[in-house]
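Structure first, commentary second.
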Ligand code: GAF
């Protein structure tokens, strides 16, 4: 996965004649707190050891070239051009971030950029957030513009809203920017206050199973979920005016407003309110070293995402159904926006090989698809690649 980093550096020098600055930005996992971020709630993600690598240098003119090494595709434009979303999906993440720099009052010169990624696309590991955050960091370094990492995360989120059309929350970009080696980060998505918890899963290992599907409903259904939550808030507000978002609502508030909302809106809100409560429960269990409880709560989340939020799909449910029947598997759920991508699972260390073997066979037998396995480690957030090497990544 991804190209050899030295090879990309050499190709950069061959193409553009000067040494690039290299930035590394990781993907993320999320332990708990799915679809809570845009409801102003809590999430518990972590940056991982799969990352995007961005190579960049000034072009000396206004001419600007972006090259995706993995896709063997490129896009050339003039940095003073008016920017609009384009057909090449991957280009929009870059244009969106440039747009954000402009809106913040920073004028940029032309540059050449190449990138390669270890993060599988469409697997729910936030390859797009990593691109946005890595590119934001690359621009700030190249043009000596001081931008806080949390501001980079917000710019990435806005880029995604405006240029990719996905009204995402802040979780993915925040994790890619603020991740910390060996830690999960509990983030309050309203205030952006955050707290690191040691990612100590005791006798258990986190294993991801990739369903290897990405249903094209994902983006449109994501935006629909967001507006259903907003519709729920409007109904609750009529009864409880202090509620600004689902994060403020209790299940009692929801019950009182139930008759004033569509049944589907009720179920969406019920899931989101319950999930927000589960984040705190998982943090408490992690602190108590009670990993079995973490696993049990992850299974509750999967049921909520499947039945009430309806963002799972047949393939993800098959992966979870197979795994939960196996000894040593203590919990798991679909991860990320849904409609494909990975499940995240907690498996007893001695049982990991057996569980993987059985899930691979079972998934092929039932869904007819090969799964991919990611045994990810938790690493640091975005940074210059040389710094990352010094930190042992
Ligand atoms: C996607 C989004 F980008 C995140 O903001 C978050 O809402 C997630 O889906 C669901 O928890 O990854």
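Glycine is treated like the rest: Cβ placed from N, Cα and C.
Here's what TrEMBL has on this protein:
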| type | residues | note |
| --- | --- | --- |
| DOMAIN | 11-58 | domain 'Galactokinase N-terminal' |
| SITE | 28 | site 'Transition state stabilizer' |
| BINDING | 34, 35, 36, 37, 222 | substrate binding site |
| BINDING | 68, 122, 123, 124, 125, 126, 127, 128 | ATP binding site |
| DOMAIN | 92-180 | domain 'GHMP kinase N-terminal' |
| BINDING | 128, 160 | Mg(2+) binding site |
| ACT_SITE | 172 | active site, proton acceptor |
| DOMAIN | 285-363 | domain 'GHMP kinase C-terminal' |
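Within the set 34, 35, 36, 37, 222 that the record links to substrate, no two Cα atoms are more than 12 Å apart, and one pair reaches that distance. Around residue 172 (active site, proton acceptor), taking its Cβ as the centre, 30 other Cβ atoms fall within 10 Å, counting all chains. Under the DSSP three-state reduction, residue 28 (site 'Transition state stabilizer') is assigned to strand. A Cα-Cα distance of 30 Å separates residue 68 (ATP binding site) from residue 35 (substrate binding site). Candidates 126, 127, 160 (binding-site residues) were compared with the residue listed as 'active site, proton acceptor'; those inside 10 Å Cα-Cα are 126, 127. Under DSSP, residue 68 (ATP binding site) is assigned to a strand (E or B) in the three-state scheme. In terms of Cα distance, the recorded positions that sit within 10 Å of residue 126 (ATP binding site) are 28, chosen from 28, 34, 36, 37.
Closest by Cα distance to residue 28 (site 'Transition state stabilizer'), from the binding-site residues 34, 125, 160, 222, is 125. If you take the Cα of residue 124 (ATP binding site) and the Cα of residue 35 (substrate binding site), they are about 13 angstrom apart, rounded to a whole number.
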